[in-house]
């Protein structure tokens, strides 16, 4: 019996690892857990609804990926799509970013090779969470490069659940950003590694990382502008350092060189822009420098909700505690300025500026904010635990750690003057852990409530608290697929173009690519004119079916009536015959009895409210009560002359109309 | 008078000190410098040839007077690819050679323990990738 405890203690002794190995075990297990966490926190919508592609843009990416798997890379690269932008077609091969599709197909081929019988849709849906997990790993190594491995771990944890990143990388959000943020962070990490080690091999890897980024997303412009800016700032700081301790000759030389270089550069740039050699920036990027530019000049860019300037509530929603940890991290970075920290500070500041200009770019700022906040958290926690530990060491009056000799003695002096230092440190640590736990709760709540909706399937709470699902979009697209001729052309607002081609498999007039403003303005003009004028435009475009989205029965507020003013603005931007004030009453947009007569008789109104006047939508309200606008509609007696109703979904969300052939000419 | 002569003496002193310092550098560094100079010179020639190209020395084709064609011929959107790839390959290889020089120079304390063979291998590899990209971009 005496041998039993001896063998047990032997067993325990065999598990006892050296400190370095313990540390390694802790780090690896934390990283594994973070990897899994980043993946599963993005799976809410797959669990609640089903594994499907969300929103609008991912449907185009999915369709092109399908084409790539079926037809191979050469056909994909040279693909001319005649099913969208009806009379014009679209050169798909030359106008998309192939990185995402190629990556998904590569993963699909590897899985198929290993005999996993997956469908390409599953791979597409889960590509973004997979790359989010990889991003956490890259964030760990990046943090380790900038500060130390503790900061790396905290950075990985923060970025795994940060809502700013989750918003564009949930399962089902098969969009360029899911892959591009991984490429961005990877390129930056390898670049900083190249700067730190000075080897050309790492810079070659960063060149390949940048190539992957360019193939994946239009945001590569950020990298190619940030890196030269960083080099400039770096050299400027170096020069300042030099200037403070050198001979007059060297100073004179430097001054002359720099002035000449700046002058020549400025003159060349000025000449280039004046003579037209260097073309000005395109609209979307120009609005980053001048946020009011798009609103005045290009209504299409201004109408996209993601391109609006950011409100503080969005920042708080997407970053939570990182918002005030960011300045704290900046302070720590400035205290210990090195090549890498200069870079991350520049990345953070420039990306925060752009995040303030456009909501969508919060995504680009997220890695920088997570890294800098991680530095703050890690440095604070480290200082506090050092306080705790050194107090213990002094109490034990025993061996001192490596550099703890002088530290513990100084702490001993301090301890006698501030007896509550240890308690203060414990309190602060508890405060820090409380904040981090609140962050985790907030992020999970935000992911579950706000960022996991597929947008194509809507959910609401019924009268008894049960969940009601509206699957009207897919119902309408599948009706189109099964009940219309193969070469039918569908006219709708550009939001739905990608979904109609991907799920309905029919030709559309305009879609989300929005490359041709005049074509979109033509559709907008048709929607805002009286039926007689509109039918001319509709017949000239060879349209067979018109599709509108209507939220009056369900209270769905992102329908075409709410988007109608944008149709008017965009149409009016190209065709001055459409004037916005015609549709407003005293500057107010109304659909009830007091609405403008042009509004009550335009095509969009008629198509949305056809037969709606007889409909009882809410108990106690008159028939024809529009639940999305909260008013009773003005014109209940809608008669259509050139169109007939083809299909309305079960909750009236999508309505499809067929264009009637022209009447027979009457004989005399 | 004293001012100008002192600045002239200053410039001469600068020139002489630079020249004597340069004469003392080892031969392999001078070879690399020669390569950098050649690359920059080639880039300059290409840029100058684009700017000072004379369109009127071409034979008289009527379609050349079409404004669209004249615009395209002077800016050259099709040959522009080739021009860019030519200039950028020269500049790129010059930059890589400068990196090599920094890494091989024995007076640099930061690269003391980097064997020069490794530096040269990096240089060759990066040049390979650069020229691969340039070949693709040449059109």
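Note that Cβ sites are derived from N, Cα and C of the backbone, with glycine treated the same way.
Looking up the ranges A:3-23, A:24-44 in TrEMBL, the one annotated as transmembrane segment turns out to be A:24-44. The transmembrane segment annotation in TrEMBL falls on one of the ranges A:149-167, A:282-300, namely A:149-167. Looking at A:60-80, A:123-143, the range annotated in TrEMBL as transmembrane segment turns out to be A:123-143. With DSSP classes pooled into helix, strand and coil, the tally for the domain 'STT3/PglB/AglB core' (A:489-546) is 33 helix, 8 strand, 17 coil. Contact between the transmembrane segment (A:24-44) and the transmembrane segment (A:340-356) is not supported: fewer than 3 Cβ pairs lie under 8 Å, counting only residues 6 or more apart in sequence. Long-range neighbours of the transmembrane segment (A:91-111) within the same chain, counting only residues 6 or more positions beyond its ends whose Cβ lies under 8 Å from a Cβ of the stretch, are 61, 64-65, 68-69, 73, 76-81, 118, 120, 123-124, 127, 130, 174-176, 178-180, 183, 212-218, 513, 515. Confidence for the domain 'STT3/PglB/AglB core' (A:489-546), expressed as mean pLDDT, is 92.
Same-chain residues lying 6 or more positions outside the transmembrane segment (A:217-240) and placing a CB less than 8 Å from one of its CB atoms are 97, 99, 176-177, 179-180, 183-184, 187-188, 191, 210, 254, 258, 285, 339, 342-343, 346-347, 350-351, 354, 364. Distant neighbours of the transmembrane segment (A:315-333): 158, 162-164, 167, 341, 344-345, 348, 352, 355, 362, 366, 369-377, 379-380, 435-436, 438-439, 442-443, 446, 450; these residues of the same chain sit at least 6 beyond its ends, with a Cβ under 8 Å from one of its Cβ atoms.
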